[in-house]
Amino acid sequence: MSDFQREQRKNEHVEIAMAQSDAMHSDFDKMRFVHHSIPSINVNDIDLTSQTPDLTMTYPVYINAMTGGSEWTKNINEKLAVVARETGLAMAVGSTHAALRNPRMAETFTIARKMNPEGMIFSNVGADVPVEKALEAVELLEAQALQIHVNSPQELVMPEGNREFVTWLDNIASIVSRVSVPVIIKEVGFGMSKELMHDLQQIGVKYVDVSGKGGTNFVDIENERRANKDMDYLSSWGQSTVESLLETTAYQSEISVFASGGLRTPLDAIKSLALGAKATGMSRPFLNQVENNGIAHTVAYVESFIEHMKSIMTMLDAKNIDDLTQKQIVFSPEILSWIEQRSLNIHRG
């Protein structure tokens, strides 16, 4: 594939993603908090700091991996980096493969560090990159963490995608053992299972982003790029973010879990934190805001999102993220069926 074709693909991904709409039905709507009328705390008591063994985020919300690798996406990364700088959010760039192949493309990613020199930035590579390239991706952005995206459904629907996956787990193990910053194994909208969590724990993984279905749909994106558009029947493939978080429950004491995929509102973010996530990521909402409304409007959107999270936590009488994990939740019969059929041990305060 030529550099021009790769740039074109990056732009196509963004164009199709922006045209997608939120799923009409979300598993976040299938779980409810129990309301108690009189809180014992004030809004100013709320501490939204997200603390993991290696990373401290001011807020448990981050701009998730999206793009880079073309002039248009450079402009997007530049604007998102300014939003991150002005709001204190962490930010992940999209796959840096384009920059690792062609130094001319490096600036489409490094612009994020240039615009946000003191901020928390995650670099991003695929599960098949050599260890040396993973190290290079971290150095490229002076990144505080490295996301490794695992995206087999996307690759298989992508006309020019990868068809070989046997080496992925061993390669991830090698990267985890060599890279000095936290390595986050990140799905891309298809969710995670307890079996995967077991496999990742065995090779020393300490961070995952479950990225469940319901947000940006890479099966749909790649199917749009197919000549016959003949794989749309896979559109609903995978686990939702709620199901994925429930799948991780037994591993949350050993692995820091981040949640993304279909988060629409501050309430969805709070529900994710209540299910054990340490932080929540969003891609398309930030992309649409910054492209359609500009930087200032997106900064205001983030500030409002954070304030709404504080209001919800006050209603729940939860001073911090840890408190949220003890709050009572009522699940729908469908989610309870998933828990039962998957033999998940869900214990709450």
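Including glycine, each Cβ sits where the backbone N, Cα and C put it.
Ser95 is the residue from Ser37, Ser40, Ser95, Ser311 that Swiss-Prot records in the FMN site together with Ala65, Met66, Thr67, Asn124, Lys186, Ser211, Thr216, Gly262, Leu263, Arg264, Ser283, Arg284. Checking each of the binding-site residues (Ser95, His97, Gln154, Glu155) against Ala65 (FMN binding site), the C-alpha distance stays within 10 Å for Ser95.
Reduced to three states, the DSSP call for Ser211 (FMN binding site) is coil. By the criterion of other Cβ atoms within 10 Å of the residue's own Cβ, the least surrounded of the binding-site residues Thr96, Asn124, Ser211 is Asn124. Around Ala65 (FMN binding site), a 10 Å sphere centred on its CB holds 25 further CB atoms from the protein chains shown.
A Cα-Cα distance of 19 Å separates Ser211 (FMN binding site) from Thr96 (substrate binding site). The shortest Cα-Cα distance from Thr96 (substrate binding site) to any of the binding-site residues (Thr67, Asn124, Glu155, Gly262, Arg264) is found for Asn124. When the Cα atoms are compared, Thr67 (FMN binding site) and Glu155 (Mg(2+) binding site) turn out to be 16 Å apart.
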